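Swiss-Prot has this to say about the protein:
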ACT_SITE  139  active site, proton donor/acceptor
BINDING   113, 114, 115, 116, 117, 118, 137, 138, 139, 158, 172, 182  dCTP binding site
């Protein structure tokens, strides 16, 4: 299994729609000259952005967080501000701007950007499995005792693409994975 380069990422995006919308280079500056947290193609990965749609966790109902019986009322929706404030020691969910179509022979690993990590904000994303497609649900944990800010439409994490020497017998699509084709911020599904 080998990691794929910027050339491969560009080719797969252009010829197979692997990432839409796609940015062929690193974007570090907005059109108005303001600095951005970078996104787009890097040497051996793709820096993804989060959309301006967030679900911020609150414990107003004093519930237990149970992945088999998750209470959607534990979240407050935030959108249209261009950013999200995560309360201290809490978390928020968001989705990517980019829609992904992962080839059958590819598995991705996603890692948070150092800009956020150095501020105590951890980005968690599970692997994109072979033949999975959809918008990615992102989880941001604020590990600090202070409120933390996440910027929409700027880089939040980097996706690394690994291609296997042979295709898998059963892909995510074949087994009808429960998050196949997700379009919004998707809560846990039992």
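Just so it is clear, glycine is given a Cβ too, placed from its N, Cα and C backbone atoms.
On the structure: features taken from Swiss-Prot.
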residue	record	Cβ within 10 Å
113	dCTP binding site	19
115	dCTP binding site	14
117	dCTP binding site	13
137	dCTP binding site	20
139	active site, proton donor/acceptor	16
172	dCTP binding site	21
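Take 113, 114, 115, 116, 117, 118, 137, 138, 139, 158, 172, 182, the residues named in the record as contacts for dCTP: the widest Cα to Cα gap among them comes to 34 Å. The Cα atom of the residue listed as 'active site, proton donor/acceptor' lies nearest to that of 113, taking the binding-site residues 113, 115, 172 as the candidates. Taken residue by residue with DSSP, residue 139 (active site, proton donor/acceptor) is part of a strand.
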